């Protein structure tokens, strides 16, 4: 739900310290050194297409861009990327995939495997069956939201099958039910040996299109409040008792009374069985639609054979999702189960998850209570005066098109040495429709009356322009239709007030005397149905009637993909 900064904004630019992903990968490795790292581009910087909205016209350039990122991960962060994808939910090019493999090998990255095509099972599976060279370079077929099913062609390739993006569901008990069901049934029904949740942590404004579609919620950096939601403990049923490299046992995992089970082993004698009995209405994912099915309470008997016949006891972990009282029991340790001559039975109710395992390691942390939730500060300032920022972007600003980064103005006489700068100067090869303008939102979506003040600096001569805004109502994949109250000034000395980011609904316009390459202070005041604007502390326009939207974030941005700077941001 927003943009992320590339490691190469421009052709001659390389920087492996932008954004939060490097930090995130390193934190993940601290917790589990065996965790796998995958790179998948959703968008490419515009220079890769040399003016075309397409990443495959110059496949050598695209491969160079991707391989640079993998090498940078190792060189600057000692991170080994295990898998690399092609283009999220968009077309693939067989020629590019082959060139990517060649480029990886040439740079000594033979161990990096290729996953394709992060869309549907077809046409990638069919093309791999008809193109032996492509079949040789693709290691994993990854499909998105497969609904626990695969297709015959995918199976015929003999490749590993993954649900390489799934879940994407609001993280309440139904989301937990969705996650429990697909974690098992993607293998049981579709032979998939990996299921990847989009997304890990909901750490973005909740009112964006996919609010709280993460396994847990941490969307208040200003208060430190977070919530470990039920999908996290559903995950633990699988991930605390298996590791990458374990193998699924090839058993029919459908339970007679509905629900499913999977069994995994490390090949060294350990066994983990995960059972789920999610009912239809309590396990609907956001997509695809879920055909009807029934689950009833049942007694299930399991038979352990071969080397597992010798197992005497299994540790038991249990969750029950409660949709009546909201009193779910999550990831509780129960008494071990005795296995007698290789058999044991369990009474299974509906909407439950069981893990039975030879491992004795599971744990449910007794973590300290997080700080209580608090709304975004109603009086918020940032002067961007930070010499060695821990991240490339200012806190709490959520870029929705373009990238806003800390910037040091070495030539400035002193007032504006440290600023926030919009740095994307060419429309990216987009995944979804970015706006034609750049925009970063901040604050509390519930805000109604507000005053936004910011120093602005237009860098683009003639047709450059910037805005500050309030009551901004949208972002993410819907950013093009964003409404609000937008106060624009342009390099040609004019200003505008519009009701939308696209600048089509003009509420007021006139002359301002603003010019490029000079600092000016804009103030936007919205009270009830009326808005007014100041330039350098003096009224420029007033009594403009505003009706919809009735509330929303504050924002800053630019007229096009252009350099511009912002300083001394203040919203009240």
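Placement of Cβ uses the backbone N, Cα and C atoms for every residue, glycine included.
Look at TrEMBL and you will find 89 tagged as active site, proton donor/acceptor. Around residue 89 (active site, proton donor/acceptor), the same-chain residues six or more apart in sequence whose CB sits under 8 Å from its CB are 118, 119, 144, 431, listed in sequence order.
On its own chain, residue 165 (active site, nucleophile) has 88, 118, 142, 144, 145, 196, 198 as residues at least 6 apart in sequence with a Cβ closer than 8 Å to its own Cβ. As annotated by TrEMBL, active site, nucleophile applies to 165.
The domain 'Glycosyl hydrolase family 59 catalytic' annotation in TrEMBL covers 1-240. Mean pLDDT for the domain 'Glycosyl hydrolase family 59 catalytic' (1-240) in this predicted model: 98.
According to TrEMBL, the domain 'Glycosyl hydrolase family 59 central' annotation covers 248-363. Sorting each residue of the domain 'Glycosyl hydrolase family 59 central' (248-363) by its DSSP state yields 8 helix, 51 strand, 57 coil.
Residues annotated as domain 'Glycosyl hydrolase family 59 C-terminal lectin' in TrEMBL: 399-572.
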